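As written in TrEMBL, here are the features:
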type     : residues                       : note
REGION   : 41-61                          : region 'Disordered'
COMPBIAS : 41-56                          : compositional bias 'Polar residues'
REGION   : 77-112                         : region 'Disordered'
DOMAIN   : 107-299                        : domain 'SAM-dependent MTase TRM10-type'
BINDING  : LEU206, GLY226, CYS238, LEU252 : S-adenosyl-L-methionine binding site
ACT_SITE : ASP230                         : active site, proton acceptor
Amino acid sequence: IMSELKEDSPPTDKKIKLEISNNENVKILGESQDTCTSFKNEVSETPQNGDLSEQNISKKKRKKLLKIQQWEIKKVEKRKQEREKQRRKKQEARENGVPYRTGPSRKSLKHLKMSDSSCRVTVAIDLSFDHLMTDKDIAKVVKQLLRAYTLNRRTANPIQLCFTSLTEGSKMHAAMSKHDGYKNWDVRIEEKSFLDVYPQSDICYLTSESDNVLESLDPNTVYIIGGLVDHNAHKGLCYDLAKSNNLRHAQLPLDKLLLMKTRRVLTIDHVFEILLKVTEGKSWTVSLLQVLPMRKGAIPVENTIEQQ
């Protein structure tokens, strides 16, 4: 099995190619002779059975090697699952006598408009936090907005998507203006706060600090996603905002349905994608597992019960 470590791979000084044999021993095939030589010295002490627990190496190096091995194994397993999923879909298409592509083409999706969508669920992204972010974090928010919009354009029935508090002259507006044509996107753009755009009784702010769990999506409710990248510097900000304005608030059913190794704060585009999949008819569990990054180690609660 061959792969090249990229940005989302386990950390190394330079890109290194790895080969994992059946006994999970790591071998260096790399690109940089200096990097490969030093790294090979670390890996060469790995026992042939792949057990790193009794090596005469530092704890840090052992942890690094284990992380690489586990990452490679998970990636291989994920690829196997994806290939099996595609195989089943093709088989079902053949049995039903229909083309493998069952959804609309990318070209036809470009002509679909929110106004024509049968999905009436509304999601607004609150962009009133640019004064709390660095320019780098604002750029990350813009990138997440781009992905959320792209996802919405690629579905047969788009969510009613809105960007609020995108005020001309703000840092967020300046960052968005770097992307030519965004004003022509099929998205509602408001300079005003969501509080001035939607009736207070219709609003539900999504925040991980809420004690309320979102069970289903209501087409008569406007779901607010906080447009904030703060690296936990302003924990509870969206929750406090909802409470101070007497708004309904809720969290996604992460704790109810999944066990996770890491904190449950998600990016803007991940929250939006989960909501989008639910509007497409998928269950919360399936939607969460399909969207959450593998590094979060999410597993269904029901699986843990079966294993006990």
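Just so it is clear, glycine is given a Cβ too, placed from its N, Cα and C backbone atoms.
Values in this document were obtained by computation on a predicted structure and should not be read as measured data.
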Overall pLDDT of the domain 'SAM-dependent MTase TRM10-type' (107-299), taken as the mean: 92
For S-adenosyl-L-methionine, whose listed binding residues are LEU206, GLY226, CYS238, LEU252, the greatest C-alpha pairwise distance in Å: 14
